[in-house]
Structures are given as structure tokens and as C-alpha cells.
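Novice: According to TrEMBL, the feature transmembrane segment maps to 20-42, 62-84, 91-112, 118-139, 160-178, 184-202. The domain 'DUF2179' feature in TrEMBL is assigned to 231-285.
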């Protein structure tokens with residue numbers, strides 16, 4: 001199999017894994033709603049939380065009954081367009097799958113309470129919602145809505161995705177307090193905080209790694225780093241201490257999510273390369289955190 005065919009195979013496999021992951025993540029996400037958040041009368045963060053508030057407000061004040069799932073899908077449309085333009089196409093495609101799956105499940109799956117204490121609902125609702133969101137993000141998608149804005153901010157400015165999400169969701173907490181009462185707002189805050197911590201545990205794209213790649217074939221590896229990871233590298237002359245053979249050592253910094261792409265690139269272009277990966281605490285100097293539009 002030639003190099004191009006191998007790379008296409010990797011891309012298809014990665015996308016299929018992402019497709020399965022966002023569907024599984026959406027199922028876990030909806031379980032958090034239907035089993036815990038909705039029975040407790042608290043709100044999740046993001047577009048789904050805003051849709052919850054809007055659904056209740058329209059029903060209680062105007063007698064208008066709209067499906068939570070449909071509201072969620074409609075509210076996500078402008079943000080998905082934003083993600084298509086500013087983040088990446090593959091990210092948005094997987095996010096669309098997640099949004100549609102979530103919307104359909106929210107509409108057809110019945111609500112069922114399994115806990116008598118509200119703090120159990122809040123805790124486990126946050127755990128499941130955070131796990132579902134984190135799984136979708138880890139495999140290149142999202143649950144849509146605020147996730148898209150938080151992803152854009154995390155990629156452009158650095159920092160943990162979940163922290164940006166928490167800042168934005170402060171608006172949801174405020175609305176929950178205005179529409180209902182302070183107690184609901186406080187429980188909403190706790191659930192969003194729990195889900196944020198779970199997301200930050202699962203989704204670690206903001207973490208950087210330094211890779212040292214000793215190879216006899218540096219040019220195609222560097223080219224693929226530029227194209228697929230949007231990263232550059234420093235090339236250093238190297239020599240094997242036992243063999244005495246001349247080699248090149250590429251030093252580059254990638255995110256933790258790009259590590260599997262780096263491994264694929266190296267395995268395709270130099271299966272005998274030596275690769276050393278070390279955690280990177282911080283980066284100074286001439287380093288650009290680049291995330292261009294990707295297909």
C-alpha cells in the first residue's frame with residue numbers, strides 16, 4: 001500500500017471512530033438529562049439549558065408547547081455555521097451528528113426519575129452530561145451550541161475548554177435564577193461545575209507535548225506536520241551512537257489530541273524512526289498556536 005493510500009485509510013478510520021464516539025457521547029449526554037437533570041428541575045449549560053428555559057417559559061406564560069429536542073436543533077444552526085467557518089468542517093460534521101442524535105433522543109426518550117434526593121440528581125446529571133460532552137470533544141466533535149464557541153476560544157487563546165464553557169454558562173445560571181428562583185440557579189451552578197470538571201478530565205486538547213523524532217526521512221514527515229497538524233518543527237543534525245549513521249532530529253510541539261496523528265505520520269514515512277514524547281508545561285518565544293480551517 002502506498003503512502004497516500006495509507007494516509008487516506010487513517011483519515012477514514014479516525015473519522016469513523018469519531019462518528020461512533022459522538023453518537024455514544026450523545027446517548028450518555030441525553031441520559032444525564034432524562035434521568036437526572038429534568039426530574040430535578042435544574043438546567044444544564046449551553047444551548048440545551050437555554051432551550052430548557054425557553055421551553056418552560058413558553059409553556060407557562062403562553063401555553064405554547066414545543067419539543068425540547070426541536071428547540072435544541074434549531075438553536076444550534078447559527079452556531080454550527082459559525083463552527084464551519086471558524087473551526088473546521090470535520091468538527092462541524094461530527095457536531096451535526098451529535099446535535100441531531102441529541103435532539104431526536106430528547107424528543108423520543110421518556111423522562112424517568114431514579115433518585116429521590118436532588119443533590120444525587122445534580123451530581124450524577126453533571127457527571128453524565130460532562131462525560132457525554134467530553135467523549136464527543138475527545139474524538140473531534142462536540143455536542144454543539146456553546147461547545148463550538150468554547151472550542152474556538154480554546155484553540156485560539158489556549159486554556160482548558162471547560163473553563164471557557166463555564167464562563168459562558170454563567171448566563172444560563174443567571175437566567176435560571178431570574179426565571180425560577182435562587183435555589184434552582186445554585187443547583188444549576190453545581191451541576192454545570194461538575195460537568196465542567198468531567199469535561200476537563202476527558203478533553204485535554206489544550207495540553208501540549210514536545211516530540212523528538214529521529215528519522216532518515218524528515219521531509220515528508222515535516223510536510224505532513226504542516227498540513228495535518230498545522231505545526232512546524234526544528235530540524236537538528238543527529239548521529240546514532242552505535243551505528244554512527246547520520247540522521248535528522250525533528251523537534252515539534254503538538255497538542256495531546258494530535259499525538260495519534262503524529263504517530264500515524266511517522267509510522268507511514270519512517271517505521272524505523274525513534275520518537276520521544278515529553279510533557280510540555282509552558283511555551284515561550286516563537287511559537288504560534290495555529291488552528292486554521294481544516295476539511
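We number each residue from 1, going along the chain as drawn.
Glycine too: its Cβ is placed from the backbone N, Cα and C atoms.
Explain the structural surroundings of these features, please.
Specialist: Beyond the transmembrane segment (20-42), the same-chain residues lying 6 or more positions past its ends with a Cβ under 8 Å from any Cβ of the stretch are 48, 52, 94-95, 97-98, 101-102, 105-106, 109-115, 118, 120-122, 124-129, 131-136, 138-139, 141-143, 176, 180, 184, 187-188, 191, 195.
Sequence-distant contacts of the transmembrane segment (118-139), counting only residues of its own chain at least 6 positions beyond either end whose CB sits under 8 Å from a CB of the stretch, comprise 17-18, 21-22, 24-33, 35-37, 39-40, 42, 44, 94-95, 98, 147, 151, 161, 187, 190-199, 201-205, 257.
Note on the domain 'DUF2179' (231-285): its mean pLDDT in the predicted model is 87.
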Novice: Count up the helix, strand and coil residues in the domain 'DUF2179' (231-285) according to DSSP, in that order.
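Specialist: Looking at the domain 'DUF2179' (231-285) with DSSP, the answer is 14 helix, 23 strand, 18 coil.
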